[in-house]
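Notes for the one structure printed next.
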Amino acid sequence: MGFFLDVVLPIPLERLFTYKVSEQEAYFLKAGMRVAVPFGKSKIYTALAFNIHQSGPEAYEAKEIYQILDETPLVNEFQLKHWQWIAQYYMCTLGEVLRSALPSAFLLESETLVLPNKEVEIDEMELKDDEFLIFEALQHQTSLKIGEISGIVDKKNVLPLVNRLVQKGVVLQKEELYEQYKPKLVRYVKLGKAHQSEEKLEELLQSLTRAPKQSQVVLSLFQLQAKSKKPIPVTDLEKESGSSRAVIKALIDKSILEEYHIQTDRVQYEVDVDKVVGITLNSYQQEAFESIKKSFELNKTALLHGVTSSGKTEVYIKLIENCLAQRKQALYLLPEIALTSQLINRLRQYFGNKVAIYHSKYSIHERVEVWNNVLTNADKAQIVIGARSSLFLPFSNLGLVVVDEEHESSFKQFDPAPRYHARDAAVVLAALHNAHCVLGSATPSIESMDNAKKGKYGYASIKYRFGDVLMPDISLVDIKEATRKKRMKGHFSETLFNAIAETLEEGEQIILFQNRRGFSPIIECTTCGHVAQCPNCDVSLTYHQHRNQLRCHYCGHHMALQLSCLACGSHTLDKKGFGTEQIQQELQQLFPDINVGRMDLDTTRGKYAYEKIITAFEQQEMDVLVGTQMVTKGLDFRNVSLVGIMNADSLLNFPDYRAHERSFQMLTQVAGRAGRTKKRGKVLIQTYNPYHQILQQVTTNNYDKMFEEQYYEREQFKYPPLVRIIKLTLKDRDYNKLNDASQWFASSLRNVLGQQILGPEYPPVARIRREYLKNILIKIPKGQSMAQTKNSIKRIEKSFNAISKYKSIRLVYNVDHI
Ligand code: ADP
Ligand code: ZN
Ligand code: ZN
């Protein structure tokens, strides 16, 4: 007998672990508090308390916990329920959800590297190649275990590399992290108690006549206090009086001045609350707003289908207003961090200081701060704007979730687990809180539209752009013909070139979309046909001119560009294909006097990189913005009148059942950036295949036709939303073993589940980071229980794991993979 605590450990193990606690601890502990626990021989983990009971485990002797880390729960009941749903539905462990849900500052472990908290501007060119790789990996993951680094660079280089990075201030190591994790305190000063009145001040100044510097400080402080009722930071006093810190310290020592600290937010926003403005919806928006509110009486979730620039944001704002009026919190999800800065400015105009942002480019401490504000239901976090991870915040009182650009595939987390779809997890989260959910898009996903048509979701549409602005004029440019007639300048058809020249002449701006980053994706030897390949992955290396390197976009491998062919030695290397970097350069050569900016993964690594590019473009410091899919999404620029799509075919030819849907969405969205004010925007799509049905549907803005055709195809070939798909990927370095194992798994699945199994098959990139991959698709007809199917799969997995020769094989489940 005694008291026992079950905890969730932040590791991929299926079960909860049980620890011993004292009676006193048992009364104090609540689910959702963190505890430090011993694990294995020497590890300490931060774990989450789950439940307390009085019977110990039978299989092992429970160890005692080290320490309770919180006074009140950090995670609430809603979250625990939601995370359990995610773990169950997406086939991962609660520990994996915990790990990605909590800001890493809450889950300290030995030997973790994180980006530093302070704003360091790191010059990428200053970094050596291996340093750059780690820096880059940290931009994606925000924290890395030292062990994980050995997967990126050579093992024997790991420790010296880490030391160099810590020295250069690129990363922090864990010990320092404990030190750094403190609330931010700002130092203030005021006059000591004895000297606060005006008469006392006279006396004081007289007593200081022999110390002119000190008397100057006192005088300055008095002046500052007269000017503003706000507390005076020490730094302000230093500036005002022109004195050094030592002089101020002398006064503090004499108790003439008093120093005190106030805890301040790390995330500061400048908002002029006086400027809060109201909005008036136009009749189409008003109609959509009313119809969504009405639909909420029947369904918790509604789809808002409004063409680009129809003013969906304003409809969300009105819905949020309603939600706040009921004293509830609102969550606004965006698919891309790039969109948050524009949106926060817009929302702040209506809601002042009530809006917070949360996303992975925030430092771990900033995320802790937002977490705590949401947890305490603070005024400044009544509305949270964020990327998908903000679903994990400790809302206790959620009234509305908005999922903007709901069709975006970046809402689905690919790696690591939990591989959840933020849109679908948002619908579930809203239901747990008995809250409403609005999904919005100009090009809804086939899934959501299907749900709306079937009456599962409410539906409202806006068919016209706000303010009588016309839909853009979209035309196709046949590059095959343009090439034949020699009407190409580099990758620009004469038509596009002329349109650019005209637009520039009018003083208007241009967006150019190219689906690939880098300079050119293929370096081919024209003598022997050899193409530079990644040694670790089955892909060709992309040439990046800026670093004069060949780089793999899958594993980060890179090498200097060789002057001769690695296979035959001849110097006849040719660059084939083109990415954003090349387009930027070509355009700059064609129009030497203009400013060409670029927005892609390579130019947006720094924390404020997105903001800088977007602001520069908004303020017309750039004439043209070249970018990857980042420029296609929800951005609102006033002065853009031309959008050019360099090559639509690479989108259309993607080997995936969603390629057509996605091309339609991407092209319609990027076209939607053009002409958002009075003048009608122009869009030019370059293609080798102008008769493609999707391109026809894009030019005529015919979503309904696209939906009908795609739906029909999916019915014919049994793809979502008519079935659900679980993709199982098997990974191993041994090619034969992998083939053998995936055969075994697929036939076991067939035996149990019947004929709904496809594969095993190699994916288009069949080897990544020296591991071979093989996919098995499990199709689950509507009406068949997902839970039962998953149980069957898990049983097969158990037998599989019992086969010793398959021990090294890794299994990855991706439920509703996209
Ligand atoms: P969407 O998200 O549907 O593409 P936006 O919400 O970005 O469209 O609206 C397009 C433009 O029209 C924005 O610049 C926005 O400020 C403006 N706008 C939309 N609705 C209103 C309104 N009711 N009052 C004033 N401006 C509006
Ligand atoms: Zn690679
Ligand atoms: Zn060659």
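Here the Cβ of each residue, glycine as well, is placed from N, Cα and C on the backbone.
All chains included, 12 other C-beta atoms sit within 10 angstroms of the C-beta of CYS568 (Zn(2+) 1 binding site). What TrEMBL records for CYS525, CYS528, CYS565, CYS568 is Zn(2+) 1 binding site.
Annotation source TrEMBL lists Zn(2+) 2 binding site at CYS534, CYS537, CYS552, CYS555. Just so you know, the Cβ of CYS555 (Zn(2+) 2 binding site) picks up 20 other Cβ atoms within 10 Å once every protein chain is counted.
Under the heading domain 'Helicase ATP-binding', TrEMBL lists 293-462.
The domain 'Helicase C-terminal' annotation in TrEMBL covers 538-715.
Distance between Cα atoms for CYS568 (Zn(2+) 1 binding site) and CYS552 (Zn(2+) 2 binding site): 22 Å, as a whole number. Of the chain residues outside the Zn(2+) 1 site list CYS525, CYS528, CYS565, CYS568, THR526, THR527, GLY529, HIS530, LEU566, ALA567, GLY569, SER570, THR572 have their Cβ within 8 Å of the site's Cβ mean position. The Cβ of CYS537 (Zn(2+) 2 binding site) lies under 8 Å from the Cβ of CYS552, TYR554, CYS555, HIS557, VAL765, ARG767, ILE768, ARG769, ARG770, each on the same chain and at least six residues away in sequence.
Proximity of the binding-site residues (CYS528, CYS534, CYS537, CYS552, CYS555, CYS565) to ligand 2: a Cβ under 6 Å from the molecule is found for CYS534, CYS537, CYS552, CYS555. In the structure shown, the C-beta of CYS534 has more C-beta neighbours within 10 angstroms than that of any other entry among the binding-site residues CYS534, CYS552.
As a whole-number mean, the pLDDT of the domain 'Helicase ATP-binding' (293-462) in this prediction is 93. Report note: the Zn(2+) 2 site is defined by CYS534, CYS537, CYS552, CYS555, and the residues of the same chain whose CB lies within 8 Å of the CB centroid of those residues, excluding them, are PRO535, ASN536, VAL539, LEU541, HIS553, TYR554, GLY556, HIS557, ILE768, ARG769. Ranking the binding-site residues CYS525, CYS528 by how many other Cβ atoms lie within 10 angstroms of each Cβ puts CYS528 at the bottom.
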